[in-house]
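First up is the structure itself, then whatever we jot down about it.
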Amino acid sequence: MTSSSSPKGHGRTSTSQQSADPPRVDGAQEDPSISGDLNEEARKAREALPFWKRPAAWWLMAFAPLSATLLTLAVAAQIELYTQLVCRVHRPEFQLASNANFTTPNQIPLALPSFNMMKSGLVTLITGGGLPPCSEDPDIQSAVARFTTATTLIAGVLGFLTVGWWGSFSDRHGRTRILGIVAIGQLMCSLNVILVANYVQVLPGNYWFLVVDSIILGAVGGTASETAAMMAYLSDIVPPEQRSRIFGVVLGFFLAGIGIGPMLGSFVIRITQNVLSVFFLTAILRVLQACLALFVLPESLTKAQMQRALEMHQEVSPRGDQPTALWWLKRIFFFLEPLSIFLPSKIVNENSSKVGKRDWNLTFLALGYGLMFLAAASIMDQFLYALLTFGWDAEYLGYCISSIGLAQAFYLCLILPFVIHLVKNRAAKNHKHNSEREPLLSDQDTPLTKYIPPKAYILDLTIARLSVLVNVITFAILPWAPTGLIFLVFISLGSFGAGLGPAVNSVALELYSRKLGKNAALESGKLFGAMSVVQAVFAHVLGPPLYGLLYAATVADHPRTIFFVALGNATLSSVLLACVRVTPEVEDTDDVEVA
């Protein structure tokens, strides 16, 4: 199998296949042609710089939580804003009937306890409690679901198509430039939200003008481009033996920001009594983030490295007058090529009892992984359900989202490492206890017990299965939550299935190593690139339209339907992961071949 560059891991790039293979998304491993003298030059150049100009992991430990906080700062207010914009366009009579203080059709209630958008467009607090009746209208909920489905799908598809190109762009022009470009794009989205909130009735398409946000976000690659650039930044400066630990620390900081953002947004709404205040705050902080990325954050790549990457990119450009049709076809569908590694392969190792049969382990693992992302894609519609059923508002929804993010961070950074450590220690103690029972003298046919620590991939597979089981239980109990508080507790408990992603990636790498033998180390990046494609397809392309349209069709009579569909997806994922078997390791590096 030909090596190719890919989003994560340690893959190398084959020049003959670069035109068909996807470009590196995060640049986790430098091409061997620029890794020798250029790496030594980069190391010496960094050492000569003062510490505040030297690229280091601690820079991202400050940048990552800021980015994550801004990502979720206005998410709760955004859901309620969408609902009220739809109300303003489709049901202005609800607002006039719901509160005597409404004097013109231009008024719109927006937040806690009830807000009013005056003719000037500014959002101010008015008297009265609870959400306006409009937000409880099933037709409005259906319209909001269709709108969020469309915007999410547009951003997801465009991001899916562009994230690879931006990853390659970062190899040639630097990681910090990508971080700055994404921050500027997200700044434009925040400003557009403010524009639509104030002038929704005069803009083309009314609230559908917010689709511009999705186009901008998708064009710059969205959060995927930003995360990929941060991972590439770390890969450029962190030695391979330390990457796992540093990645984990930065991920922990990022998840903490995910949890802090909605809580901070809810606090701002309560203090200012103004829903749009969180969007203004987000826009101001986006300017700070863009300046930090473009002018403060030290670049991890040297000019020589970027120049060499640019030369390599030009080498694979089409020669001659015009590119061929086959070349264009490969360029258009390059993002699907990595999925071929999940095709079942024939086992050709003669020492195996399953020689001649097909190995479906990677196929089952990828499908199970994707189905869990498909189930998780229902989260936005779950929030719409909570707004309808429990009368939640922007502030309370913010606390809910914060609880999810903080629970995930707490689990991944503290609970899961402790459980893994406990399991390994218990296995060691059991061995010690059993070894004390062994006789000091024994026959040659009965050797002393030898302690063999549990394989990491076996433990990871168990964690993956248990994580899916947690999600199955969560989807099964969520629709029966009688109160908003219990719903919040249930959805927070689901965060303890957050270990699925790291565990599945670890198992996938082990299975891929069994498939390619020693060559797997050269193509691990291709594997992780394929896993990213699976995530993008199920979470951003298939999930939003499935649940959005389903919720829009069932909200009037059976709003709980989305939970049962998500439960079915999670259950099927659990079945597929149960079919995964990590076969005994073989020495032959050519034990399987791709069908």
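Counting starts with 1 at the first residue shown.
Placement of Cβ uses the backbone N, Cα and C atoms for every residue, glycine included.
Note: TrEMBL annotation is automatic and uncurated.
Taken from TrEMBL, the feature compositional bias 'Polar residues' applies to 1-20.
Sequence annotations record features per position, and here TrEMBL assigns domain 'Major facilitator superfamily (MFS) profile' to 109-585.
What TrEMBL records for 1-40 is region 'Disordered'.
Sequence-remote contacts of a segment are chain residues at least 6 beyond its ends whose Cβ falls under 8 Å from one of its Cβ atoms, and for the transmembrane segment (56-79) they are 111, 148, 179, 183, 186, 190, 193, 223, 226, 230, 233-234, 237-238, 246, 249-250, 253-258, 260-262, 264-266, 269, 275-276, 278-279, 281-282, 285-286, 289, 292-293, 297-298, 380, 383-384, 387, 394-395, 397-398, 400-402, 405. Residues or ranges marked as transmembrane segment by TrEMBL: 56-79 (among others).
Residues or ranges marked as transmembrane segment by TrEMBL: 147-166 (among others).
TrEMBL lists 178-201 (among others) with the feature transmembrane segment. For the transmembrane segment (178-201), same-chain residues at least 6 beyond its ends with a Cβ under 8 Å from one of its own Cβ atoms are 63, 67, 70, 74, 78, 81, 85, 88-89, 106, 117, 121-123, 166, 169-170, 207, 209-210, 212-213, 216-217, 219-223, 225-226, 229-230, 276, 279-280, 282-283, 286-287, 289-290, 293-294, 297.
Summarising the annotation, TrEMBL assigns transmembrane segment to 207-234 (among others).
Long-range contacts of the transmembrane segment (246-269) within the same chain: residues 57, 60-61, 64-77, 111-112, 230-231, 234, 238, 275, 277-278, 281, 394-409, 412-413, each at least 6 residues beyond the stretch ends and with a Cβ under 8 Å from a Cβ of the stretch. What TrEMBL records for 246-269 (among others) is transmembrane segment.
Look at TrEMBL and you will find 275-297 (among others) tagged as transmembrane segment. Panel annotation: around the transmembrane segment (275-297), residues 59, 63, 66-67, 70, 73-74, 77, 80-81, 110-111, 115, 122-123, 176-177, 179-180, 183-184, 186-187, 190-191, 193-194, 197, 265, 268-269, 394 of the same chain, lying at least six beyond its termini, place a Cβ under 8 Å from a Cβ of the stretch.
Long-range neighbours of the transmembrane segment (362-384) within the same chain, counting only residues 6 or more positions beyond its ends whose Cβ lies under 8 Å from a Cβ of the stretch, are 79, 141, 144-145, 148, 152, 341-345, 392, 397, 400-401, 468, 471, 475, 478, 491, 500, 504, 507-508, 511-512, 515, 530-531, 534-535, 537-540, 542-544, 546-548, 550-551, 555, 562-563, 565-567, 569-570, 572-577, 579-580. The transmembrane segment annotation in TrEMBL covers 362-384 (among others).
Listed as Cβ neighbours of the transmembrane segment (396-423) (distance under 8 Å, sequence separation of 6 or more from its ends, same chain) are residues 68, 72, 75-77, 79-80, 248, 251-252, 255-263, 265-266, 269, 383, 386-387, 454, 459, 463, 484, 488, 491-496, 498-499, 502. Taken from TrEMBL, the feature transmembrane segment applies to 396-423 (among others).
Residues or ranges marked as transmembrane segment by TrEMBL: 527-550 (among others).
Distant neighbours of the transmembrane segment (562-580): 360-361, 364-365, 367-369, 371-372, 374-376, 378, 381-382, 385, 461, 464-465, 468-469, 471-472, 475-476, 478-479, 507, 511, 546-547, 550-551, 554; these residues of the same chain sit at least 6 beyond its ends, with a Cβ under 8 Å from one of its Cβ atoms. According to TrEMBL, the feature transmembrane segment maps to 562-580 (among others).
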